[in-house]
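Participant: My structure is below; once you've seen it, I'll send some questions.
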Amino acid sequence: MSSDSANRDLAPLIALMETEALQRGEFTLASGKKANYYLDCRRVTLHPKGACLIGRAMLDVVLANAKESGVMPAAVGGMAIGADPITASIVTLAGGDDVDLKGFMVRKEPKGHGMGQQVEGPVTPGQKVVIVEDVITSGGSALKAVEAVQAFGLEVQYVLAIIDRLAGGAEAFAQKGLELKTLTTIRDFGLEP
């Protein structure tokens with residue numbers, strides 16, 4: 001896993017996440033694991049300031065990676081519904097910056113009518129994409145998105161998340177040959193795995 005927060009001032013995002021998204025108590029996570037805190041990132045991804053902060057930070061990571069690798073992804077997207085506001089924020093800011101970066105979404109199941117697609121958006125097989133996600137625990141949700149877009153014929157460059165709980169997600173992606181890039185980790189909030 002690489003945390004891409006080193007050269008970026010993420011203090012405003014971290015502060016907003018602490019006040020809006022971080023809850024303490026006993027919780028069962030999507031992975032089935034128990035935790036003494038919960039990060040409801042939708043409270044930040046759907047917040048006007050949060051959407052801007054996340055969209056800008058993630059777009060910066062995508063552009064920096066494209067500059068370093070020489071390969072610009074065609075699109076960003078992830079599993080509905082958690083990744084949808086993240087995708088929208090990134091592509092909106094990309095459009096404002098005149099960057100040709102589209103978005104897509106992955107349905108949990110293929111649509112039962114119409115074209116019956118699981119991957120929706122202006123993408124075509126063979127294109128390179130980045131999977132975006134809010135919180136990574138085991139990586140299960142993002143891995144389902146990876147599998148769906150690969151089945152559609154897209155090539156995943158890496159996974160980009162807001163926060164890594166440091167609970168095995170990076171290792172799960174590495175087993176699939178993918179790198180996990182994150183804006184923050186739980187340690188940025190004074191928490192340990």
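Keep in mind that glycine also has a Cβ here, set from the backbone N, Cα and C atoms.
According to Swiss-Prot, the protein carries these features:
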{"type": "BINDING", "residues": "R107, K108, K111, H113, E133, D134, V135, I136, T137, S138, G139, G140, S141", "note": "5-phospho-alpha-D-ribose 1-diphosphate binding site"}
{"type": "BINDING", "residues": "T137, R165", "note": "orotate binding site"}
Participant: What count of other C-beta atoms do you get within 10 angstroms of the C-beta of K111 (5-phospho-alpha-D-ribose 1-diphosphate binding site), across all chains shown?
Facilitator: 11
Participant: I need the most crowded of these binding-site residues: R107, R165. Count other C-beta atoms within 10 angstroms of each C-beta and give me the top one.
Facilitator: R165
Participant: Hey, does DSSP put S141 (5-phospho-alpha-D-ribose 1-diphosphate binding site) in a helix, a strand, or just coil?
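Facilitator: DSSP call for S141 (5-phospho-alpha-D-ribose 1-diphosphate binding site): helix.
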Participant: Reported as an integer number of Å, what is the Cα distance between R165 (orotate binding site) and T137 (5-phospho-alpha-D-ribose 1-diphosphate binding site)?
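Facilitator: Answer for this pair: 5 Å between alpha carbons.
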Participant: When you measure from the Cβ of G139 (5-phospho-alpha-D-ribose 1-diphosphate binding site), how many other Cβ atoms are you left with inside 10 Å?
Facilitator: 26
Participant: Name, in the order they occur in the sequence, the residues of the same chain whose CB lies under 8 A from the CB of T137 (5-phospho-alpha-D-ribose 1-diphosphate binding site) and which sit 6 or more residues away.
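Facilitator: Those within reach of T137 (5-phospho-alpha-D-ribose 1-diphosphate binding site), by Cβ under 8 Å and sequence separation of 6 or more, are L29, A30, S31, K33, R165, A167, G168, G169.
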Participant: Report, as a single number, how many Cβ atoms besides its own are within 10 Å of the Cβ of V135 (5-phospho-alpha-D-ribose 1-diphosphate binding site).
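Facilitator: Counting Cβ neighbours of V135 (5-phospho-alpha-D-ribose 1-diphosphate binding site) within 10 Å gives 24.
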Participant: When a 10 Å sphere is centred on the Cβ of S141 (5-phospho-alpha-D-ribose 1-diphosphate binding site), how many other Cβ atoms does it contain?
Facilitator: 23
Participant: Let's check the environment of E133 (5-phospho-alpha-D-ribose 1-diphosphate binding site): how many other CB atoms sit within 10 Å of its CB?
Facilitator: 25
